[in-house]
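Pulled from TrEMBL, these are the features on record:
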type	residues	note
DOMAIN	1-109	domain 'C2'
DOMAIN	169-288	domain 'C2'
DOMAIN	320-441	domain 'C2'
TRANSMEM	528-556	transmembrane segment
TRANSMEM	617-645	transmembrane segment
Amino acid sequence: FLSSCRPGMYQLDIVLKKGNNLAIRDRGGTSDPYVKFKIAGKEIFRSKTIHKNLNPVWDEKVSLLVESLREPLYVKVFDYDFGLQDDFMGSAYLHLESLEHQRTLDVTLDLKDPHYPNHDLGSLELAVTLIPKEGDFREATMLMRRSWKRSSKVITALCVWVCVFVTLQYQSLRLSDVHRKAQLWRGIVSIRLIEARHLQPMDANGLSDPYVKFRMGDQKYRSKTIPKTLNPQWREQFDFHLYDEQGGFIDITIWDKDVGKKDDFMGRCQVDLSVLSKECTHRLDLPLEEGEGTLVLLVTLTASAAVSIADLSVNILDDPHERKEILHRYSLLRSFHNIKDVGLVQVKVIRAEGLMAADVTGKSDPFCVVELSNDRLQTHTVYKNLNPEWNKVFTFNVKDIHSVLEVTVYDEDRDRSADFLGKVAIPLLNIQNGERKAYALKSKELTGPTKGVIFLEIDVIYNVVKAGMRTLIPIEQKYIEDEPRVSKQLLLQNFNRVRRCIMLLINVGCYINSCFEWESPQRSICAFLLFVLVVWNFELYMVPLVLLMLLAWNYILIALGKDTRHGDVVSSDSERKGFMNKLYAIQDVCISVQNALDEVASCGERIKNTFNWTVPFLSWLSIVALCAATLAVYFIPLRYIVLAWGVNKFTKKLRDPYSIDNNELLDFLSRVPSDVQVVGIPYNIHPYCKLPQYCNSDNCMYLDLAKFQNDVISDVKS
């Protein structure tokens with residue numbers, strides 16, 4: 001009886017042969033078609049892309065495990081547009097219930113657009129075989145019902161329930177195994193974007209602002225933009241995951257960045273990984289198609305890192321022999337073996353409680369995504385549950401010990417993207433090994449809590465020497481970053497952060513100035529003696545020594561429980577402000593930023609105008625001062641000059657209590673006009689000179705401003 005209760009599984013073998021007369025979606029009168037298969041809203045297959053062809057031939061075979069024949073196979077065709085949203089080319093349904101078992105059928109699917117059903121979008125040719133696997137679950141269910149009716153004994157009922165349990169567990173294990181294999185990558189493609197040569201000019205100035213986009217399946221990466229050049233040098237490195245042992249294709253496009261309008265296409269190229277040998281670096285000089293120039297890459301294919309998904313019962317760190325081998329692999333004795341392999345992190349995703357209801361039924365279909373830098377794995381979906389149990393173990397290789405582990409819970413939706421339910425971010429250095437802990441879920445920006453908690457147990461094993469060496473290497477960038485958007489709240493927050501830093505420097509300056517002003521005689525005497533002692537005995541090694549003492553002092557404060565770090569954390573303002581208050585706050589920020597930019601720009605322009613003789617008198621004065629400074633530094637040791645300056649500053653208030661404190665350098669620069677002032681007051685226009693007899697240079701300082709303004713007004717009127 002139990003043998004007849006095996007799950008109803010079907011093996012669906014599909015050969016995607018070719019397409020006929022597909023729709024045109026590109027400007028050149030062709031398309032770049034690929035095909036997707038979906039069952040029950042889940043994508044189960046994606047074909048390769050055939051470029052520039054309306055009658056593509058794929059000849060790709062895929063084998064699927066199907067639980068029920070009631071759900072049709074949904075076939076969709078798209079036109080691949082790298083960097084843009086792919087264009088829809090048509091869809092069709094294949095009803096599995098109409099297929100004969102154990103027989104290969106040739107099927108032609110006519111593609112249609114649901115919004116324009118009368119349009120002819122071509123057809124697809126398939127070969128389909130449906131094979132029952134391990135019995136029919138519906139027949140087993142009927143058999144259980146009949147057995148229940150025929151027998152009233154307790155043992156029969158018990159067998160029925162055991163059969164149902166075994167069936168569900170068997171199905172879960174089979175599907176979980178398929179899900180696990182679909183996620184694990186079998187290698188890593190390391191790409192170094194070096195440079196491009198002789199690109200096509202796209203801007204009016206005969207130059208371009210190029211950047212590069214890479215795409216390999218669903219993985220994407222975008223380089224930084226190099227402005228105003230036709231021979232850009234990027235020197236960027238990133239990794240893609242290789243899921244197919246036979247290799248794959250990397251699609252590369254180059255774009256010209258244009259502000260305020262659509263970026264210009266500059267060319268494309270492709271890398272076929274199947275022709276590259278593994279475990280060695282290849283230099284590729286790729287000529288651009290549909291454009292001009294050459295792109296230079298370094299590509300390396302390496303074996304897979306130690307990445308795995310397992311059930312909670314299969315845990316490598318719980319095995320003493322496995323744990324001993326891992327500890328030996330990351331011991332100090334192997335610090336210089338495989339420098340990139342810094343360590344290993346194991347994450348046990350146990351369960352979640354009290355999740356937010358995302359469906360209209362008051363339930364959710366939660367699954368959990370675990371991310372470490374660009375590595376991403378996910379659990380299976382637990383349907384109709386707000387307290388799901390996953391009991392999965394994820395293992396990642398650690399490439400940077402400063403990475404942050406992100407665990408995000410989503411609600412699965414069949415026909416649209418998953419809904420966000422909550423997220424936690426845990427720095428690897430803050431993890432306590434072996435501690436099972438409940439983490440409160442937070443919002444996407446991690447600024448506030450959301451509903452629910454998730455239970456995790458995390459272990460991190462790493463080599464300290466490798467981690468320290470990796471700290472001195474550029475941080476790994478995300479494959480693709482969201483475009484920055486203007487946010488009033490973020491602008492206000494960043495302005496307050498900068499203002500806090502500036503206020504700290506101002507407070508330090510005020511404290512030092514108070515010592516010069518003798519506001520507290522005891523403090524000024526101590527500061528004066530310390531200044532003389534440090535200047536007289538100063539050596540270069542004292543600079544890192546002071547920083548070391550500062551670190552040690554703060555560590556002692558933390559050890560004594562006097563932690564002052566919490567006062568530096570930026571907290572989100574939860575107080576709800578009215579519209580006018582927000583408007584005034586933004587206005588204050590804009591005015592402050594405007595004034596700060598004016599001060600910085602004016603200071604730089606005044607220094608420039610000093611050296612380009614905008615005001616000859618001030619330039620001659622600076623020559624005299626620089627000559628005196630050169631002679632003083634040449635003949636007098638710098639230690640004595642600094643000591644004399646300090647003694648003068650400390651004794652100035654004692655010698656003249658009513659003197660006004662000033663900075664001679666800033667006072668000098670305040671006399672030099674900025675570029676705005678030079679435009680507003682033209683120093684080199686002699687027709688408006690009031691005292692021409694005293695004007696002995698090209699830059700006149702005696703201007704008749706009233707006459708100049710009247711002439712300007714008359715010119716504007718005319």
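Glycine is no exception: its Cβ is also placed from the backbone N, Cα and C atoms.
Since this is a predicted model, take the numbers as computed values, not measurements.
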At a C-beta cut-off of under 8 Å, are there same-chain residues at least 6 beyond the transmembrane segment (528-556) that contact it? List them, or none.
515, 639, 642-643, 646-647, 650
Non-local residues, at least 6 beyond the ends, that sit with Cβ under 8 Å of the transmembrane segment (617-645):
532, 535-536, 538, 610-611, 668, 671-672, 701
DSSP helix/strand/coil residue counts for the domain 'C2' (320-441)
16 helix, 56 strand, 50 coil
Taking DSSP helix as H, G and I and strand as E and B, the domain 'C2' (169-288) has 18 helix, 56 strand, 46 coil
DSSP says what for the domain 'C2' (1-109): how many helix, strand, coil residues?
7 helix, 56 strand, 46 coil
